[in-house]
Amino acid sequence: MFRQEIDEVGGLALKKTKYIDESVFKYFALSAIAGFFVIIGIAIAYTTGGIFQHFGKMYGKLAVALTFSIALDLIYFAGSELFTGNCFILGVGLLEKKVTFKNVLKVLIVCYLGNFAGIALFAIIYLIGGSAAGDTLHFIEASAAAKVALTPMQSVFRGILCNFVVCLAVWICIRMKEETSRVIVIFWCIFAFCIAGYEHCIANLAVFFMALFAPGTSITLAGAATSTFWVTLGNIIGGGIFLAIPYWFVSNTKNKYQ
């Protein structure tokens, strides 16, 4: 079972490594574009959350969960490179021996840096434009403070759960062939991780970056960096181990089960 889809994922991993070998800067640019899309998603989600939080804390959280899927929709359909999704794709590629561990590290590092660069650029534009003022910025700061307050173990485990769900959306979209179905799957998977309080390292980079510029913020660079490290580790484990290994394992069956 799943042999055809696993072959496809392994092929995607190989394609990414060949592309980055051809041009690191082009791959970096594709990753930066994903960062742009994450900021668009954060802007929409946290503006909506800032409005609805006045009706109660959980209403703000629900608003974020209902709207943040636009980020992954843009990343998937417009085309760009997101670190968290690559954890699964490259994990499968490594298990399939389509790519080497060195290839995986190169792609993940460049992708992570590109995501951050795109986030930083668009976040600055967003902040200078003044759209993040008032309720939106307060909501972002409160969210960042809650993330920093997590223990390392909580951050890792929430990161594992988050990227398991995010990469599950990637995996299902690869198996599906109809675009409307993909939009629905992306929505529910993103809704699931947001409403459950899981942690996504790239989305967190966007939240922390803007929170650090909030007037009178309690967020420190050290606190944000520490939280991001543990969440990133959890995201790698969630997508690259807990999702990639089981599906790769069950795909290695005899032809009669295909």
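Every residue gets a Cβ built from N, Cα and C, even glycine.
No curator has checked TrEMBL annotations; they are predicted automatically.
TrEMBL has this to say about the protein:
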type: TRANSMEM; residues: 24-46; note: transmembrane segment
type: TRANSMEM; residues: 66-95; note: transmembrane segment
type: TRANSMEM; residues: 107-129; note: transmembrane segment
type: TRANSMEM; residues: 156-174; note: transmembrane segment
type: TRANSMEM; residues: 186-209; note: transmembrane segment
type: TRANSMEM; residues: 229-250; note: transmembrane segment
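Long-range neighbours of the transmembrane segment (107-129) within the same chain, counting only residues 6 or more positions beyond its ends whose Cβ lies under 8 Å from a Cβ of the stretch, are 16-17, 20, 24, 27-36, 38-40, 43, 81-83, 86-87, 90, 202, 205-206, 209-210, 213, 232, 236.
Taking every listed stretch (24-46, 156-174, 186-209, 229-250) in turn, the largest tally of C-beta pairs under 8 A with the transmembrane segment (66-95) is reached by 24-46.
Long-range contacts of the transmembrane segment (229-250) within the same chain, counting only residues at least 6 positions beyond its ends with a Cβ under 8 Å from a Cβ of the stretch, are 1-2, 5-6, 83-85, 87-88, 90-92, 95-96, 108, 112, 147, 152, 155-164, 166-168, 171, 199-201, 204.
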